[in-house]
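Reading through the C-alpha cells given below for one structure.
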There are 2 protein chains.
Amino acid sequence: MIHRVLAADLPSHVGRTVRLAGWLHRRRELKSVSFLVVRDRSGLAQVVLREPVPYPEETVLEITGTVVANPQAPGGAELAAEVRPRPGGPGRAPDRAPGGGPERSRTPAAGPAIEVLSEAVQAPPFDLYRPAVPAALPTVLDHAPAALRHPRLRAPFEIAAAGVAGFRAALDGLGFTETHTPKIVGTATESGANVFGLDYFGRPAFLAQSPQFYKQALVGVFERVYEVGPVFRAEPHDTARHLAQYTSLDAELGFVRDHRDVMAVLREALAGMHASAAGGAGAALSLLGIALPEVPEEIPAIHFADAQELISRHTGEDPRGEPDLAPAHERWLGAWALREHGSEFLFVTGYPMIKRPFYTHPDPERPEFSRSFDLLFRGLELVTGGQRLHRYADYLAALAARGEDPEAYTGYLAAFACGMPPHGGFAIGLERWTARLTGAANIRQATLFPRDLHRLSP
Amino acid sequence: MIHRVLAADLPSHVGRTVRLAGWLHRRRELKSVSFLVVRDRSGLAQVVLREPVPYPEETVLEITGTVVANPQAPGGAELAAEVRPRPGGPGRAPDRAPGGGPERSRTPAAGPAIEVLSEAVQAPPFDLYRPAVPAALPTVLDHAPAALRHPRLRAPFEIAAAGVAGFRAALDGLGFTETHTPKIVGTATESGANVFGLDYFGRPAFLAQSPQFYKQALVGVFERVYEVGPVFRAEPHDTARHLAQYTSLDAELGFVRDHRDVMAVLREALAGMHASAAGGAGAALSLLGIALPEVPEEIPAIHFADAQELISRHTGEDPRGEPDLAPAHERWLGAWALREHGSEFLFVTGYPMIKRPFYTHPDPERPEFSRSFDLLFRGLELVTGGQRLHRYADYLAALAARGEDPEAYTGYLAAFACGMPPHGGFAIGLERWTARLTGAANIRQATLFPRDLHRLSP
C-alpha cells in the first residue's frame, strides 16, 4: 500500500507518489479541472485533478497522486491526482492548473486515485473552509463535533494540550508526582454553595469542587504532587467566564519557607506551559496570530496593601479597607506592571485573611493578611494560591474561629495530626489560561464541550 | 540557609554540611546515641546524634549535620547531626555509633541541628517503618492519608504516575492530541445500567461512564486523541476488582485499516508505559520486587473462534457457541501464550458482535464476529478495544437492529453525518494495570482513595 503522507509533509515528497487522507475541506470546479483542499490533522493540502469530484465537503477521502511543486499551494507543493486510471495501463499525467508549478510526473496506476472512505450526508452548520468563523458562539457550541473541525476553532485546543504537557514536564522536572483523586466526595466542605448533589448508592454525595484536601493530604505521602482533572461548580451564573466543569491544573508542595516558594514553582510551571505551547502548538499560534507573552525570570510581586496604596495614590479612588481588589483595580495593576516592570504577569500577595479559605496560612507579622497570592495576567486573575496551615492545632483553631465543626473534617484533619510540613500550592484553570492567551471573549471558546447553567449537550 | 539535600542524594555529599528535611520514620535510642531514619520523597536516610530525640514518629523535622560515609547506612552514607551546638562556638563532632563508618568531621554550628517543623499529635494506624505492612486493607483505606506514607503502599502510585507519563509520551510521539471532555452528560446512552444520577440545575443528568462518544467525535477534529480522566460506574458489586470511579486511559484514532492498526498503537502505548515505569519508578519496582514483563515487538493474537477451538481441543471443555470467554479459559489462554509465544500478553480478536456495544464494527467476512479485541495480561483482561462503525447509515442500522431510538443519539450521530474516517480505539484502566503489574490482590491497593459501594471517604 502506498504510504500515507500528512498534508504538512507534502513539500518534502515532491516527485513521489503518495497517499493523502483527510476531509474534503473545500472544492472548486473549473471547466476541466477540480481544485480540492484536503484537511488532515497536520493542516491543509491542495489537490488538483482533471475531473469533477461529486462529493460534498467533509466527505472523507483517500487520494493517491504525485506531489508536485507549486509556489501557490500551501507549503509550496500540491498533489496531482488522477481519476479512473486505465486498468493495467500507465497512469495519465494530470493537466496542470493555470498558474501551477513547472513539474509534471507520470504516476503508475495503483488503483482509483480517489477513494471515498465515508461520504458526508449532512452539511456542517457553517462553511468550515472560510478563514473567519461565520457563526455565532451558540451555533458553534450546539454543533461542536462538526464546528470544532474549523482550523481556527480547533487551534485553542492544540494550544491547551501543549500547555498541559508543559505544565507536567515542568513539575516532573521538579520532582512532583502525578495523582488521581476522587471526584465524588461525601461532604461539601470547602464551600457549601455551588456544589452538585449526587445519589451515591442511596446516600447523598457531591461532585468535588477541587482536589484541595486530597492534594494537601498527599503532600504527606509524596511531598510534591500535581493533578490535572475536572472540577465541578454548580455556578448559577450565566456569564462568559463561568463553567460547571473545568479542567484544573493543581499543584501542592511541602517544605516551603512560605508562599514565595510556591510562587517560584508556579513561575516554572507557567514558563513550561508557554515554552511547550511555543514548541508544540506553533501552527495553532500562528493561525490565531498570537505572540506568546514572555514569562519573566522573576515575576514582579506587590503586597495587597501596597497595591491599594498605589491605586489610591494614582487613581481618584481609595480602595483601602476593602478586603479584595475590584476588577477595574486589577486591570489598573496589570497596566502598572507592564509599564513599571515590562511584565504582563503580576503577583498580588498577602490578601486579607477574611477573604481566603480557612486553611490559608496567615502572615505571622501581620495576621490580618495571608500568605496567599493571585497571579494577574493582563490585569485579570489567572491563578490563586498560597501557603496553607500545616499544624493540627492551627486547623482546630481556624475551624473554631469560623464556627465550623471539626467533626465534618475528620478525614482531612487526620493528615495534619500525623505530621505535615509547611506547604502550599496553586490551581490554574486550563480553559481560563487558554482563553486569556487566545484572546477569547468567552471561556466556552476554550472548552470542547462546555457545561453551564443551560448546556448539557453535546 | 544551608542547602536541602534529599535522602537519596546524601551519598554524593560526604564531608559536607547539609540540611535534611522529612518525616521521622523511625527512631531508636541507645544509651548515648540516637539513630533516626528520616523519610522524604526520595527515600530513607539514617541520622545519628548523641542526644535523645523526644519526638514521636511522623514528626516533621529539619536536621542539619555532616554527611559521613557508613557502609551500613542506606546508600552508604548517613547524617551526623548535633543537638544544641554552643552558640558562637564550633560544633562538636558527634560520637560514632558502634559499627559506624570511619569518617568523622567537625561541623560549624549554624543553628540548632534539629528543627521541628510540625510535631505528630496522633500515631499512624500502624507502624509505617515496618518493612511489611502490618495492617489489613480496610485499615489502610480508612486511614489512607497516613497509611499511604508507608513506602510499600506508596510505591504502586509511583509506578502508576510513571506509567501514565509513558502512555502520554508514546501517543504524543504518534501525533495524538490530549483532550478533556465532559464528565456530566445528559443521557446515559452507552449503557443504561450502573450510572450515577445527578441533579443538574434541576434537570436529571448522569456521570459519564466513559469518554467513548466524545473521543469518537473528536477523531473528526484531531484524528488522533487521548484522554486520561475519571470515569464512573455505579457498580452494585462489592468485589476486589470493581470501583465506582477509576482512571481511564482512552485513545481513539482515525484512518485505520481495521482493528489491527488500533492494536499496533496499543502495543506502542503499553511499551511506553512499561519503559517509563522502568525509568521513572525504578526504586518503587525494586522495593516491591517487581520485574517488569516485556512487551513483545508484536504481541501474539488469536481469533476468538480459534481460541475456542484451541480450548476445546486441549481441555476437557467445549466453549464453542458461548459468546464470551470464561475467566478460566482466559487464564488457560494466558498460559498458552506464554508457552507457545513466550509472551505474557495475548490479543484475543473478533469477539462475537452480540457481546459488544452497538458502535462496534463487524468483520465484513464473518459478520457475526467483530473487529474488536481484548488484551489479556497474564490471563486476565487488561484492555478492550476495536474498530468502530464510521458511516452514518451504519449507525442508524445498528441502532435500529437493537431497537434503540436514534433520537436519543442525535448529538453523537452528528459527527458521523458530517463525515468520519474508519477509526477505532481502546481504554486501559490505570488502576487495573497497576494492580496487575504489582500483583495486588485488590484493585483498591492501586487506588489512592477508592470509591465503592460502601466507601465515600476519605
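Each residue, glycine too, has its Cβ placed from N, Cα and C.
The feature region 'Disordered' is assigned by TrEMBL to A:72-109.
Annotation comment: TrEMBL describes A:Pro98 as site 'Important for tRNA non-discrimination'.
Mean model confidence of the domain 'Aminoacyl-transfer RNA synthetases class-II family profile' (A:167-458) amounts to 95 (pLDDT, 0 to 100 scale). Residues or ranges marked as domain 'Aminoacyl-transfer RNA synthetases class-II family profile' in TrEMBL: A:167-458.
The feature L-aspartate binding site is assigned by TrEMBL to A:Glu190, A:Arg233, A:Thr384, A:Arg388. Counting Cβ atoms from all protein chains shown, A:Arg388 (L-aspartate binding site) has 28 others lying within 10 Å of its own Cβ.
Residues or ranges marked as region 'Aspartate' in TrEMBL: A:212-215. Taken residue by residue, the region 'Aspartate' (A:212-215) breaks down under DSSP into 4 helix, 0 strand, 0 coil.
What TrEMBL records for A:Arg233, A:Ala234, A:Glu235, A:Arg241, A:His242, A:Leu243, A:Glu381, A:Gly429, A:Leu430, A:Glu431, A:Arg432 is ATP binding site. Under the three-state DSSP scheme, A:His242 (ATP binding site) falls in the coil class. Cβ-based neighbour count (10 Å, all protein chains) for A:His242 (ATP binding site) stands at 17.
It is 26 Å from the Cα atom of A:Arg388 (L-aspartate binding site) to that of A:Glu235 (ATP binding site). Under the three-state DSSP scheme, A:Leu430 (ATP binding site) falls in the helix class.
In sequence order, A:Leu430 are the binding-site residues among A:Arg233, A:Thr384, A:Arg388, A:Leu430, A:Arg432 whose C-beta falls under 8 Å from a C-beta of chain B.
Maximum C-alpha to C-alpha distance over the listed ATP-binding residues A:Arg233, A:Ala234, A:Glu235, A:Arg241, A:His242, A:Leu243, A:Glu381, A:Gly429, A:Leu430, A:Glu431, A:Arg432 is 20 Å. Around A:Glu235 (ATP binding site), taking its Cβ as the centre, 18 other Cβ atoms fall within 10 Å, counting all chains. Calculated from their C-alpha atoms, the gap between A:Arg233 (L-aspartate binding site) and A:Leu430 (ATP binding site) amounts to 15 Å. Secondary structure from DSSP puts A:Arg388 (L-aspartate binding site) in a beta strand.
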